[in-house]
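A short worksheet on the structure shown next.
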Amino acid sequence: MSLSQLFSKIMGSKSSQLSVLYLSCTIAIVAILCNHSAMGDKLTQEQEIMLDSDASDLGMAAEPLIPLESEDPGFSNMDKGDYDPSAHKDLLPLDGTDFLGVFLSSIGLMIAAGGGIGGGGILVPLYILVLGFSPKYAIPLSNITIFGGAITNTILNIPKRHPVADRPLVDWDLIMIMEPLTIAGAIAGSFVNKVLPDWILAICLILLLGATSYKTITKGVSTYKKETKALAAAASTKESELSVVAKEIEETEETEGLLEETRAEDAEAGGAEAVEPELQKLYDEERATPMHHVYLLTGMFLVIVAANLLKGGGAFPSPLGIECGTLSFWGMTLFILGVVVSVSLIARKQLIERYYKKKELGYKYVEGDIEWDEKATIKYPCLCFFAGFFAGMFGVGGGIVKGPLMLEMGVAPAVASATSAVMILYTSFSAATSFVVFGLLRYDYGFMLFVVGIICTAVGQVGVNYLVKKSGRGSYIIMSIGAVVALSTAMMGLQSAMAFVNGTMGSGGGICSGGGGASHRRALMGMAEAFLCGEAY
């Protein structure tokens, strides 16, 4: 086979095309980072001061769908230090805190990689407490780290096949039914975040994540025990099979009965030949990535990103002059909600039609599949809406909620992990675009942590996959998800406790007003800041 023929064969598969697409996105984001880093060096001190002043006057940074805080003069005076890019040292020369921060975040990323969760609940507190960044810069750095990891996760997961069916490991039906309503819920939850006091948010967040981690780890342990019994039963079955075969050879009188039974089965199968080609066509369609889902989801995010940029926020004022509380502000919010709800309804219609087609043809579901009938296409999107609502209200990444939710839905652990990773790629890329445009990304640290995310996620993925294949236990993925949620609970609890001791917790406020403790509130607003265009982590 010639080199050109080999290349054509490789590029002919849809999984390879998708991998090249995601790799191109990686190269593009690196080019953007380098270009902006070079441009950032040319800014004069006066321009930086003006940029910081604008950001302080506008209020909470990078909150495209979250109202700006321009009406609270005390807010900008109190937090000017957060908006000064020179308040934190440059990347070079590296010091002890840099090495410690990268080391700890690497461990968090490797643990998160196996579960397909971004790990922002670990990274944001680490970047604040260890690297010394203000929440304004810690959240974008966490996002760019996770974006790098999501690229690795997606490139590794796209070619993989389902463990018990001949189709891709990534479940695009799940993505289409979960992602739109999760975003809608996050938008609603982010508004509630602005109103409630920080101490209430912190307590509720810790309770929610604590309960989620307990339930997920408990499920992992129970699954581990079931796997142990199944592996033991399989081993004993192998031993007994030899004696069964020997016995069947001796009992030759059963041969005629078996032949008659086979003929009867063949006769029954002959009556089903009319629907068999259609059923086979359905199976053949499922063998490839459903590109219509990919195009629809990509289009939805492009529209949301465009609306995000038009809305403006932080250091990037709206080019349309949109201000919080105005008719155009709420119109833009309703427009984005309309887009995600419309996509959700389109996905629901397609899944219901496909469900009845499968039912008519006698399609055989495998363990972990969800039958998308009328009830399921209402129940699970509603659960995703509330998952997004709590994620937006508490300012945590969607992956930390959707991973355990998919496990509760009965989705196979490997499928849940791979599917969650693809969702994080879309949303983290959208958020990264916003952070770059809004001027909130530290490019020196951003480039380093982007590379750290790529490498550590690859190591974590390969390690977990090796363990799962060698042991035959999918419970390791469930435990990985539970470990990330538990670590996030501990880190966010520590961060909230320190904010309480330092007196920087906010007391809440109105939709378009600031409030005390803006620094801590921004730390809790990770998803609220970026989830209009995707989950920050």
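Note: Cβ is positioned from N, Cα and C throughout, glycine not excepted.
TrEMBL annotations: computationally assigned, not manually curated.
From a predicted model like this one, the values you see are computed outputs, not experimental measurements.
According to TrEMBL, the feature transmembrane segment maps to 20-38, 99-131, 137-158, 199-217, 294-316, 328-347, 380-401, 421-441, 448-468, 474-494.
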Result, the transmembrane segment (137-158) in contact with the transmembrane segment (421-441) (3+ CB pairs under 8 Å): yes
Contacting positions for the transmembrane segment (328-347) when only residues 6+ beyond its ends and CB under 8 Å are counted: 65, 67, 173, 176-177, 180-181, 183-184, 187, 293, 296-297, 300, 303-304, 307, 310-311, 320, 322, 381, 532
Contacting positions for the transmembrane segment (448-468) when only residues 6+ beyond its ends and CB under 8 Å are counted: 26, 29-30, 33, 91, 102, 105-106, 109-114, 141, 144-153, 156, 414, 474, 476-477, 480
